[in-house]
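Note sheet for the following structure.
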Amino acid sequence: MSQLNKWQKELQALQKANYQETDNQLFNVYRQSLIDIKKRLKVYTENAESLSFSTRLEVERLFSVADEINAILQLNSPKVEKTIKGYSAKQAEQGYYGLWYTLEQSQNIALSMPLINHDYIMNLVNAPVAGKRLSKRLYKYRDELAQNVTNNIITGLFEGKSYAEIARWINEETEASYKQALRIARTEAGRTQSVTTQKGYEEAKELGINIKKKWLATIDKHTRRTHQELDGKEVDVDEEFTIRGHSAKGPRMFGVASEDVNCRCTTIEVVDGISPELRKDNESKEMSEFKSYDEWYADRIRQNESKPKPNFTELDFFGQSDLQDDSDKWVAGLKPEQVNAMKDYTSDAFAKMNKILRNEKYNPREKPYLVNIIQNLDDAISKFKLKHDIITYRGVSANEYDAILNGNVFKEFKSTSINKKVAEDFLNFTSANKDGRVVKFLIPKGTQGAYIGTNSSMKKESEFLLNRNLKYTVEIVDNILEVTILG
């Protein structure tokens, strides 16, 4: 088994505690069901002693037993589902933030970490597995338990068994169902945790962290042979672990029951380096004291969640005038090569520059020149300070619309306008954009971007230029695609 650092050990202990808490909750739910069933069983067995054999066979009496058992289990069924979903959501959140916790603490660095969306987690928790939602699978096992318990009671009454004998049968059926629920909980929570951890790996790599992932198996007699073989194996973030014809980006993601169900494996990060840009703001910091995950979460996540929500507004005449003043002051403080880079981008160099950033084909002879413009434009944008939450617009083709809708980061610079009509006019400018749409951008203050306005080569575009590598989320509101910049 791979050696864990102290932060990874902290997370592992927390995961065990979460599992034990879920185990206790499920145990108590099934225990209460068993108590309620045994109360009815006591009545059945006491009454059966005074009934003739033919009376015991009455259909109405058999239906009564079945209905009462169903009612007991249906009463507690929502508690089982709520417990499993709560555990799954908690592990999904910890799978994501736990990675950032170990990265920040082990590397002594504060990272630009995007917050994970609650709706994203709940969609993940509720996602069907093998075509069936969690609720349907739980209903199936609940109905099986109800049928088995009912059959045991009726069979016992027919055969004249004692309360103790029938109760033992019911104990066994209930325990089996409880263990099945626990297996589902472990598998479901493990699945959501693996998905969000993978999401964290990919976002960390995009930030400039040279990171790999390593398979970590719990080595004991219950561990699958295939997972023992995977233990300690390292792959790149985007690669899959492969074993005997199956492949997956992480544990419980094979899509094969024989590899996924009740799996206790995890992955851990292996950091080979941090980009100089990420290190730059942390050079003077001393090594921080050890923080538990809960302490780190309180500092980094709850603190961000408690911040006031942005107040996005469309700029009126005075707001636009103030923004232009900020732009003029910004340009006055730029170096000549930075001003030239801005002019080049807003004239005819933007397409070639963005092709490089999107890793598309480009003319190698032009690369040094274009890369130099990109670097100067980066430096220029970093000096602009956006003071307010603003709304901008961009006219996009159908292809770009789909790319934005299905993405989460802009690798290239992105031109927008504070004037919606500019975006609308762009769509009418060429027939190639006849199926295009206007996209709305919600840009929080402090976002890495710059208002160019009349300092642009295209002075009437009222352009706000977003820097490259910005993360974002999307939402469709009133049939309009809204892009919220995260940073």
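Cβ atoms are placed via backbone N, Cα and C, with glycine included.
Given the structure is predicted, the values throughout are model-derived calculations rather than measurements.
For 2-51, the entry in Swiss-Prot reads coiled coil.
When pLDDT is averaged over the domain 'TR mART core' (315-487), the result is 85. Residues or ranges marked as domain 'TR mART core' by Swiss-Prot on the basis of sequence analysis: 315-487.
Positions annotated as NAD(+) binding site by Swiss-Prot: 346-358, 394-400, E463. Here the Cβ of T346 (NAD(+) binding site) has 20 other Cβ atoms within 10 Å, regardless of which shown protein chain they belong to.
For R394 (active site), other Cβ atoms within 10 Å of its Cβ number 25. Taken from Swiss-Prot, the feature active site covers R394 (among others).
Under the heading active site, Swiss-Prot lists S415 (among others), citing sequence analysis as support. Long-range Cβ neighbours of S415 (active site) (same chain, at least 6 residues apart, Cβ-Cβ under 8 Å): T346, F350, R394, E461, E463, F464, L465, L466.
If you look up Swiss-Prot, you'll see E463 (among others) marked as active site, on the strength of sequence analysis. For E463 (active site), the count of additional Cβ atoms within 10 Å of its Cβ stands at 26 [all protein chains shown]. Look at E463 (active site): DSSP puts it in a strand.
Cβ contacts within 10 Å of K355 (NAD(+) binding site), excluding its own Cβ and spanning all protein chains shown: 15. Secondary structure from DSSP puts R394 (active site) in a beta strand.
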